[in-house]
Amino acid sequence: MGTPVNIIVGSHVWVEDPEIAWIDGQVSKINGKDVEIQASNGKKIVANLSRIYPKDMEAPAGGVDDMTKLSYLHEPGVLQNLKARYELNEIYTYTGNILIAINPFQRLPHIYDAHMMQQYKGAPFGELSPHVFAVADVAYRAMINEGKSNSILVSGESGAGKTETTKMLMRYLAFLGGRAATEGRTVEQQVLESNPVLEAFGNAKTVRNNNSRLNVTDHCLMQLDNLYLNILCMIWYSRFGKFVEIQFDKQGRISGAAIRTYLLERSRVCQISDPERNYHCFYLLCAAPQEEIEKYKLGNPKSFHYLNQSNCYELVGVSDAHDYLATRRAMDIVGVSAKEQEAIFRVIAAILHLGNIEFTKGKEIDSSVPKDDKAKFHLKMTAELLMCDADALEDALCKRVMITPEEVIKRSLDPQSAAVSRDGLAKTIYSRLFDWLVDKINNSIGQDPNSKSLIGVLDIYGFESFKTNSFEQFCINFTNEKLQQHFNQHVFKMEQEEYTKEEIDWSYIEFVDNQDVLDLIEKKPGGIVALLDEACMFPKSTHETFANKLYQTFKNHKRFIKPKLSRTDFTIAHYAGEVLYQSDQFLDKNKDYVVPEHQDLLSVSNCSFVAGLFPPLKEETTKSSKFSSIGSRFKLQLQQLMETLNSTEPHYIRCVKPNNLLKPAIFENVNIMQQLRCGGVLEAIRISCAGYPTRKPFFEFINRFGLLAPDALEGNYDEKVASEKILEKKGLKGFQIGKTKVFLRAGQMAELDARRAEVLSNAAKAIQRRIRTHQARKQFIALRKATIVVQSIWRGRLACKVFENMKREAAAVKIQKHTRRYCARKAYKNLHVSVRVLQTGLRAMAARKQFRFRKQTKAAIKIQARWRCHKAAAYYKKLKKGSILAQCRWRGRIAKRELRKLKMAARETGALKEAKDKLEKHVEELTWRLQLEKRLRTDLEEAKAQEVTKLQNSLQEMQNKVDETNASLVKEREAAKKAIEDAPPVIKETQVLVEDTKKIDSLKSEVEDLKDSLKSEKDRADDYEKKYNESQESNEQGRKKLEETEKKAQQLQESLTRLEEKLTNLESENQVLRQQAVSMAPNKFLSGRSRSILQRGSDSGHFGVDVKPTVDLHSPSLNQRESSDVEDKPQKSLNEKQQENQELLIRCIAQHLGFSGNRPIAACIIYKCLLQWRSFEVERTSVFDRIIQTIGHAIETQDNNDVLAYWLSNASTLLLLLQQTLKASGAAGMTPQRRRSSSATLFGRMTQSFRGTPQGVNLSMINGGMNGGVDTLRQVEAKYPALLFKQQLTAYVEKIYGMIRDNLKKEISPLLGLCIQAPRTSRASLVKGSSRSVANTEAQRALIAHWQGIVNSLGNFLNNLKANHVPPFLVRKVFTQIFSFINVQLFNSLLLRRECCSFSNGEYVKAGLAELEHWCYKATDEYAGSAWDELKHIRQAIGFLVIHQKPKKTLDEISHDLCPVLSIQQLYRISTMYWDDKYGTHSVSTDVISNMRVLMTEDSNNAVSNSFLLDDDSSIPFSVDDISKSMEQIDIADIEPPPLIRENSGFSFLLPRSD
């Protein structure tokens, strides 16, 4: 297996270490065949080149689940892989189809619960994470599909967990093939129930060579909930082999079972070493209740010789007293009667007393007698418990009978021989007792003689090598040699099948066979077993003579070794190593015959149970001298076992104990390597290395070694051709190219890695060269840049100096210039001042002259202005006076003309009437406005009311005055007429005109006064109105608060009322249904389904009828009857016409009637007919059963979602109508107390006042006599058939809902399996090129096609539900459960398949989830509801996979920010399984992993389930109340009847009628 030619300096290798088996390091120097290695622990190690192995630096940090996937299949690679997985609590690992199980020594219940079993059910082997369930599942599937029996071989040393693994296998097989118990317990239950009994009598604590076992307690704790299983948690270790045959019938159901046991360690009854324990049953009996102890005269275990040879009497955390009671209960369960139990424990007590019988020399030579009174007491107790004679028992122990042809001779035994006889009797009794228990359990379980298929589960002891190895270890190792040969043949067969499957050329591969060891042990006549039997047949043979015989016979055998320092020991070179055996007790332990004295004594015991253990021997057997031995019998049993295994398809489970401290998280490399050798795992690796140990899929091979031949990737080659070109280019020979994998010989992988390392090294050197060039050039450029900067600075300094000189020169010139300018300017200023003085004097003289002239001119202008003003004012006054005079004269003329017109108008009689009418209208208007104001003021307070009263009184007085004025006007008019007739016209006219004018003026003035008073009143009214409005606003606010309070109180009262009514109705309905169910024969009018639903409702205690008030309508024909006949005496039977109508209705609804708007026609028609026929109120009718049968026949085709959606819409609508209509009848069969209405009680009277108007269904158009409404509102008093019909309809709504949901699940389930993992893209397809980019685009389309398929299925399903007008409430519930199903399936698959927990796969699933989110957005909240929220687990898990910089995340950030929904177990699972196939990044830090592990350990102590898998909820997520609350009120008045019944006169009530 070594590959020295492939090791170079810098290679990472494994080298042997005496402390930890193998240690990794890096080659630092090679000197010929010696290699100097820098180990990872800092030490330098020199090793031979042939003793080191290459290390795979690209192996996943968490290991691989199948070790055949390892690049280097050698011992250190296997050990490192197991260690990496064990540190992550991944206790199961495959080696091909062999399962390696490492005992975790801690609770891991989350990987053994029902969720996990459901996941592995039917899953292909290797698709999910390694598990014991996967092995059981593949065995079961092979048995079912191929019809061939299978066997599962569980092996390992004590403490590795074999027994518990066997229990888990049986539990899973019971999960797959178990059946519901019809009478008593099922077979699988009985098999599991037998374990406690066998473990109590066949298990013991063994601490040989620190080789004790702590059972995997989480296995048994997760099995069943029975009390007796408490004893499964004890620290017991099997000291016998067990082969459980589970038999199956043709349907794959468990039909029978049998338990075979092998080689019970009989010597343990009499001999134990410290700190081991004897069989557990002895300690249980010593801890029994006090009356039992006194009955059997027992005491502390320290007082018995068979128990006090060791100082270990109790186990930590174990109560023997509690276990005794649990064992008794378990024996009850498996069918051991109380009498038999009493006899069993009496025999156990007898064995304990028998061991305390000590012997001393007797009076005669070589004779023996009981030592003292204590020994005699125990002798007497033994005889009493075995129900035999004490003297006869003493003779049987101390004497032997020799029969000669002449006489019968009694020979006494010396004390030592008597003790041997005593121990032989104890072993014989216990062995036969154990055999009786096994036979009893097998008889209790029962076997199926017609079964042709079985699955055998073998729980056998592992290879043992202790300081002292006796006959038991010899037999155990002989068994393991046999099983190893079978295992090797199976592994080699699997290798051949793999090569044949891949269609590669292979030659016969020889492997190391252990047939020579088997011949050494069992060959006749010269084998060790045969020689041992021969020695046992001679009385004078001793272990020395037996050993010498072995030395002489096998002195040249390569597998047999004679020790140099011992004359009786011998060594056998087993497949797992050399074992030194001590032959001291081989002869005694091999003898299987029963001492005749013991047989004769116990066969005539007064206890039938003891006598049954020692049945009389057959006469020919008694006379025969044929010898029987343990070795021969065991050899025969082993031969039968191998024949059974050879006739089955084997499956192997190798259990490994990680440490001898029995503590979790400790991985002892040396111990595990020894177990792997003993378990044959390394032997299987050697077989694989003889052929093609390295097998790489084309994808992985190209990804890893594609850089060795880049030209092979640039061409359009497929993966197989590209792989072959890579190997041919490197000149490798002997490899094979299969259909899907590359097969490499041993060492070729290391050679390819060396070539790859060389290419990578050259590439690294090229990169380094480029980088160094870049760095040097960068340094040169920086230096040049710095030089230029320095030069620039110095040139700047020089320029500054030149500039300074130039600056000084310019400054001197400037100073000279300014000095000269100053002198010139000073002379100029003196001259300028002189000139200005002269100019000032001249200008002052001119200014004074000009001022005098202007002053004279201004005075002249003022004089002229005053004169001109005087002239204009005189002219204006003259003109104004003339204008006023002209205007007065003109206005006088106009007034005279008007006066003449008024005189003319006064002469007309109608002028006064018109004026009067106008005044009357005006007064009426004022009166109306005052009355309006009066109405407004009446709403004010008392002060405002008084003011309004005063105003009304004044208005009344004014009205009286107006009336008086009108009357006086009439009189004056008449007097005026007379005066006009009598007096001259001019004079009379003048008097009348003046008088009427005064009246008119007085009326006008009064009107004005009224207007003023009205205005003042209006102002006051406005003020009062403002105050009123303010008070009204405050009152309005208070009123609103009061209304809200009253509304809340009313709502509470209404809910209280509804609850009271519902309680009353339920009680009355339940009473009616129970009494009528008792008094009524169910076969008269109920179908079988109706009776089952009735029974289900009565079992639950009540029917879930939610009664609401509704409307009771009558047709015109019913309205014509007397009300007493209609209401008090409902119809009792249907006439023939009604029968025909029912038949026609059934035929009608059997058709697809469609919908009217969004209302299902069939449901509305059914409801109308039932209400019209008063079917709800009759005692007996068949119409309900016929409707239910029609619905049942319609939904028989479960795959037609369109039909199911149609009937779901109809059934839910009809159920809603019934929910709002039916009320349980409380009259029939009720006690007077029940008949009393709720309003008769105090509570009823209180709630009655708060009840509002009942809400019913709007059926206003059913009867023609109703004018757009309903006449009365009352509930229909439903009878028993109506209530039963409602229950059946509810069941059908739930059933149809479940069928629709399950159909969609079945449709999308295959797509979900494709959506969880993105198909891999070959590296050959990732090279640059137009053709590759096109292919990638097509691949991306193909990837998203699976998710599109799910989206299309969801869309089509939603359209179907919409088309059939399924209530949105039910649609939301369906999609919520469907998305929950998607979440469960994707999330569980993610946690069970490591290849899915990658970065690229996370991106793929994230893109698919985006498609689902887009679908939810398009479907709207009305139909999708909260479906998107159901994907929270998979969304957060995928979010964790695709997030960057995971090592920087803390546990708090992960558990609270990133993934708050996920549990610690789920986070731990994802974190440990994650691998980045895109960027090569790592998962979370080791500290986070450690913290998670601590939290998981703390959580494991809680009773809550720690499963990391999710469970799919398939329950019905709604009730009848939910449907009635979510659906809107349905108006069925205008539903058009279908053509089939439209013309029928019996259905005329269905026709819509106008008012």
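Cβ coordinates come from backbone N, Cα and C, glycine included.
Taken straight from TrEMBL:
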BINDING   G156, E157, S158, G159, A160, G161, K162, T163  ATP binding site
COMPBIAS  1006-1049  compositional bias 'Basic and acidic residues'
COMPBIAS  1122-1137  compositional bias 'Basic and acidic residues'
DOMAIN    8-57  domain 'Myosin N-terminal SH3-like'
DOMAIN    62-757  domain 'Myosin motor'
DOMAIN    1185-1498  domain 'Dilute'
REGION    638-660  region 'Actin-binding'
REGION    1006-1053  region 'Disordered'
REGION    1097-1137  region 'Disordered'
For the compositional bias 'Basic and acidic residues' (1006-1049), distant same-chain residues with Cβ under 8 A (at least six beyond the ends): 919, 922, 926, 929-930, 933, 936-937, 939-940, 944, 947, 951, 954, 958, 961
Surrounding CB atoms that lie within 10 Å of the CB of G159 (ATP binding site), all protein chains: 26
G161 (ATP binding site), number of other Cβ atoms within 10 Å: 28
Local Cβ density at T163 (ATP binding site) - other Cβ atoms counted within 10 Å: 26
Neighbour count (Cβ, 10 Å) for E157 (ATP binding site): 23
C-beta crowding around A160 (ATP binding site), within 10 angstroms: 27
Averaged pLDDT, computed only over the residues in the region 'Actin-binding' (638-660): 88
Position of peak Cβ density within 10 Å, selected from the binding-site residues S158, K162: K162
Counts by DSSP class (helix H/G/I, strand E/B, coil) across the region 'Actin-binding' (638-660): 9 helix, 8 strand, 6 coil
Tally of residues which DSSP labels helix, strand or coil - the region 'Disordered' (1006-1053): 48 helix, 0 strand, 0 coil
Helix, strand and coil totals (DSSP H, G, I; E, B; other) for the domain 'Myosin N-terminal SH3-like' (8-57): 3 helix, 31 strand, 16 coil
